[in-house]
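Worksheet for the structure shown next.
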Amino acid sequence: MTSSNLIKQLQERGLVAQVTDEDALAERLAQGPISLYCGFDPTADSLHLGHLVPLLCLKRFQLAGHRPVALVGGATGMIGDPSFKASERKLNTEDTVNEWVEKIRHQVSPFLDFDCGENSAIAANNYDWFGGMNVLTFLRDIGKHFSVNQMINKEAVKQRLNRDDSGISFTEFSYNLLQAYDFACLNKNHGVALQIGGSDQWGNITSGIDLTRRLHQQQVYGLTVPLITKADGTKFGKTEGGAVWLDPKKTSPYKFYQFWINTADADVYRFLKFFTFMSLEEINALEEEDKNSGKAPRAQYVLAENVTGMVHGPEGLAAAKRITDSLFSGDLHDMTEADFAQLAQDGMPTVELNRDADLQQALVNAELVPSRGQARTMIGSNAVAINGEKQADPEYVFTDADRLFGRYTLLRRGKKHYCLISWL
């Protein structure tokens, strides 16, 4: 992306929900590089897919020559943003928040270049300016610039105030002031002139613009990226098991890869615009190719490879593809011990068995069949595979060769029903 028409390029990809004074911002970007920031509050020990679009937006600006600031909210994370939340957030301990700050800082770092000259990225933590601030300073220097009338009319707060079952605490009500001061502080210390964030952050961003103008007489700007939705109306970034996390210990590279592989045809080309750095020409050409091929579309695999490689690196992508190919072909010889551990982590049905269990008992314990009699029938009808190889002997007893890495055996009934045995 080039700097001169960056806003237009983002709009063409569907990446702009709202922008303050679009013409003035476009003119400012055309004049030369600016500094911009996006904040990430440590409300969990990992970022999830919902954070990926604004994070990649920071990267898009850096690739166009601008300087990104990744702000981790060590202070705001102890308060909790009430924006469009139905109820009060649970307050986490300072130790927990500090631990999560470090984890999120490490997650953000690979997406940005912190050593590329004048537009090298900056990592910041708002606890650095809020940690030592006393309440009188907060009220006198920040609070006096805010009208409560305007604050309660912001849509994000109004929704909470209108709920009969829950109001809003002063703690969460004050969050807006904290985020606003972040913008003013980063403007003073790093010349930050633009804040980006999710569309739910619009009220906080405009407050920061107003406060920066009052405190520093600077014109600054805000831009929000859209809330990602799926064509069928269901939530994006959720599976039956919950959120899709960027931390491989919470969502393995294989499960992450499979999430993208399962993208609906109605969504995949739009998601390529949101989550990859492919040009629009490349995406349009891929869509045309898929339409004319008469085969299953290639786009899901392109999307899965791009995003998994970006988040989990070459090794994570290789493992995800290796597991996928092995389960599809039934040939498990290329799988590593860590690959089997990923399957267990991802929620593949797993059962622990003593080493004297036979195949019939294993099928029953694995809940692949209801009884030993049914197990005999399934085995005899060639419907059971051990580590990808069919086994037709109803009296079969496992051998050491079946215990891959001395501990794992993958049972399959039919084509889709799996269970991973972990041998005791």
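Our numbering is plain: 1 for the first residue shown, then up by one each step along the chain.
Glycine residues also receive a Cβ, built from the backbone N, Cα and C atoms like all the rest.
Quick look at what Swiss-Prot lists:
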BINDING   Tyr37, Tyr175, Gln179  L-tyrosine binding site
MOTIF     42-51  motif ''HIGH' region'
MOTIF     235-239  motif ''KMSKS' region'
BINDING   Lys238  ATP binding site
DOMAIN    357-414  domain 'S4 RNA-binding'
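Mapped onto DSSP classes, the motif ''HIGH' region' (42-51) shows 3 helix, 1 strand, 6 coil. For the domain 'S4 RNA-binding' (357-414), the DSSP-based tally of helix, strand and coil residues reads 19 helix, 14 strand, 25 coil. The maximal spread of the L-tyrosine binding site, taken as the longest Cα to Cα distance among Tyr37, Tyr175, Gln179, is 18 Å.
Here the motif ''HIGH' region' (42-51) has long-range neighbours at 72-74, 77, 80, 89, 92, 97, 99-101, 103-104, 107-108, 198, 228, 236-237, 243-247, 250, meaning same-chain residues at least 6 beyond its ends whose C-beta is under 8 angstroms from one of its own. Sequence-distant contacts of Tyr37 (L-tyrosine binding site), defined as residues of its own chain at least six apart whose C-beta falls under 8 angstroms from its C-beta, comprise Pro68, Val69, Ala70, Leu71, Ala124, Asp182, Phe183, Leu186, His190, Val192, Leu194, Gln195, Ile196.
A sphere of 10 angstroms centred on the C-beta of Gln179 (L-tyrosine binding site) encloses 27 other C-beta atoms.
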